[in-house]
Amino acid sequence: MIASVGDSRYYPKSVANGEKSDQRERLVSAIPVEDDSSFELKLRPQWLREFIGQPKVKENLAVAIEAARSRGEALDHVLLYGPPGLGKTTLANIIANEMQAQFQQTSGPTLQIKGDLTAILTNVRDKQVLFIDEVHRLQPALEELLYSAVEDYKLDIIIGQGPSARTHTIDVAPFTLVAATTRAGLLSAPLRSRFGIVLRLEFYTTEDLKIILKRSAEILNVEIDEGGAAEIATRCRGTPRIANRLLRRVRDYAQVRGAGKIDRETAQKALEMLEVDQHGFDEVDRRLMLTIIEKYQGGPVGLNTLAASLAEETDAIEEIYEPFLIQLGFLDRTPRGRVATHLAYEYFKMKPPKKQDSLF
């Protein structure tokens, strides 16, 4: 029997009570948590040849890097975009390694005033890689400061105020800006046009995720067979960060409740205990789909209305929940709003209304 939206047994207490879910508490959230940092550093590939998946991205980068190195120049500026957890930060590190260049990392929200960015740009070294994560959250004034720096390797600094103010131009060492975003549509056209290399990262295939899991298991010194890797790979939402997080939890289960080896049966039992189903859905995904089905007859329902019903931010729905549900075909995003597809009804063993029958 499928629980209804109001059934508190179906969700954690905070979700059932209508509180906003904390993405950091979701096992299948691609948003990084503090606990992930040291763990991810252990598993992070250092070179393009070690990076699994994203063949088009790797090919484009390999050609661009080899060409830049042969000319003795800094690599052209790179924009990496796509859902969280797919390897944008890892690729930025790899670019620096492949270019044998220094690496510096910052983020859009961290840079608050012009002085923050000016201090970084005036100290960049020749061919250095400067990585700005969440670049879509960069303030407009700081965006404008970047224009001349990335295009002409010059920085215009205003000294003084009022009528006596004057502009002083400083030369900046040729460097590579690598920017990452989950919301490419929020970037201004002038900033986006300054990236010579623009690459989209896609969700990973099950086969690639199995290879990633086997590599991670070897580094963690835990035995995993084909069935165990396949079981985790099908439930990690096409995202390596989630795959590695689930691997840690399944490893714990195997050591305490199993024989120390991760096989299919052990992985299934562990993931059932963690309430991650065969699609990689958790209670928050189910709540979103059930809300559309039960409260709005399958949709369409507007984003703001849906966000209010779920007590969630619109950004969280657009950036975190929807991409994977749309990718799997459980949700449609239409001009009139969000629509639950026939797959969502089948998942809950419900019959679509007549309007859904006609659509699918």
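For all residues, glycine too, the Cβ spot is worked out from N, Cα and C.
Over in Swiss-Prot, the protein carries these features:
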REGION    1-23  region 'Disordered'
REGION    12-204  region 'Large ATPase domain (RuvB-L)'
BINDING   L43, R44, G85, K88, T89, T90, E151, D152, Y153, R194, Y204, R241  ATP binding site
BINDING   T89  Mg(2+) binding site
REGION    205-275  region 'Small ATPAse domain (RuvB-S)'
REGION    278-360  region 'Head domain (RuvB-H)'
BINDING   R333, R338  DNA binding site
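Each of the binding-site residues L43, G85, Y204, R333 was assessed for Cβ neighbours inside 10 Å, and the highest tally belongs to G85. The maximum pairwise C-alpha distance among L43, R44, G85, K88, T89, T90, E151, D152, Y153, R194, Y204, R241, the residues recorded as binding ATP, is 37 Å. Long-range C-beta contacts of E151 (ATP binding site), restricted to its own chain and to partners at least six residues apart, with a cutoff below 8 Å, comprise R194. Comparing the binding-site residues T89, Y153, R338 by how many other C-beta atoms lie within 10 angstroms of each C-beta, the top residue is R338. A distance of 44 Å separates the Cα atom of Y153 (ATP binding site) from that of R338 (DNA binding site). The distance from the Cα of T89 (ATP binding site) to the Cα of R333 (DNA binding site) comes to 28 Å.
Distance between Cα atoms for L43 (ATP binding site) and R333 (DNA binding site): 35 Å, as a whole number.
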